[in-house]
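Below: the structure, in structure tokens.
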């Protein structure tokens, strides 16, 4: 059976590899697995801002290499020029890459920029955040921001200006430390599909105003920039009533609170007692110098006499709300007869409006990583550009999924071990408390029963909660007996029976003593715990 399983697995891997090779022949435009060093293939920016050091490093727990962000709180920039620019207008284009946040990601980006040709105005050695790109795609997380970016830079044919169009409501990114694969599939029907670990998380249309902000197709009209609000335009919906008059009995000077004239000083009020007194236990420090430190005074404490009395010192009537208080008078509001609504400039035809049947994508000539992150340990791997989504699927199955499954199982084992350790620590504390409970004097009659329960739970930790409940029941039972146990029955003295000795048997006292010894010998020995 084992041989058959291995044979089937080898066939599956061979088929997947053959399928991958077949696809790659025509549809694999660019692929870098980083099994070889990036030196000489990728170009690190010389810009002063980008001091982060890139490293060719293995992914933790694997023999698989990647491109590693090695330092915290740094800016990074590196770029790879493609042998041939990728035309995004022709058929399907798939953008895919893997990242692993080996140290987590609290604040930073792990996205890729797909750059326009260099004639757009950039140089590899000077690659920075201003370098023009066609698409930016990948995770970004900091504070309230947690999303998988997809940003398209699209040229307005009327104005010639490049506008950033952000995918609305992008999916959030996984927050664990496992390897994840991100895929964007640009389709010829103007749709883009966003996948995380091969599962579609978002589908959008490039031409829909509901999916991109701002929309690729601008509105037909815009507010007239030269239109000005008339000086007599009244936007107030309500106005103070000009005919309203303040009532004669309205006293604006009446205070909010007044003394409560009905209040009476309590009879036991201590008029002659101060609220604070010198601390009688305080003593003058031995090193106190009256000339340098001044005359020593004992610190004050609250007068204990005031704690048992209604109050101390001079009694004053409490304050209460003044029923005559009305505050400042203001006239009531009425509908404004001159109200014209909120002013808006009039709409005029948008000079930059254009119609669009398909996005006018700029080609991709290079792949760049330009990020600023507070974490190290971000690993990029298996960067792919393909013209067939089956190619990307094959790479996910053969390069990403095996790693992910290993990492997931390891993480699961670590989580279970951590949970088990926390539970064991909790149970040990519970058992320590229970042994102390068993030694409480008024529970002495039930001590052996409680110890039996504890020892049973120690051999089967899953019974800890049940043991706790049982001991609580015992304690409650004792309390109820103490409170509601009723009257004690009168003690009846019995005369001792005369022992029969004629038949050679021992006396009843001897029999009782022997029975006690047998019972003690039969009882299990319980281990003792020192408090």
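Here, residue 1 is simply the first one shown, and the rest follow in order.
Cβ from N, Cα, C; glycine included.
Here TrEMBL gives transmembrane segment for one range in the set 463-484, 485-506, 507-528: that range is 463-484. The Cβ of residue 107 (disulfide bond) lies under 8 Å from the Cβ of 141, 142, 143, 373, 374, 375, each of which sits 6+ residues away along the same chain. Counting Cβ atoms from all protein chains shown, residue 142 (disulfide bond) has 14 others lying within 10 Å of its own Cβ.
Mapped onto DSSP classes, the region 'Disordered' (206-299) shows 4 helix, 15 strand, 75 coil.
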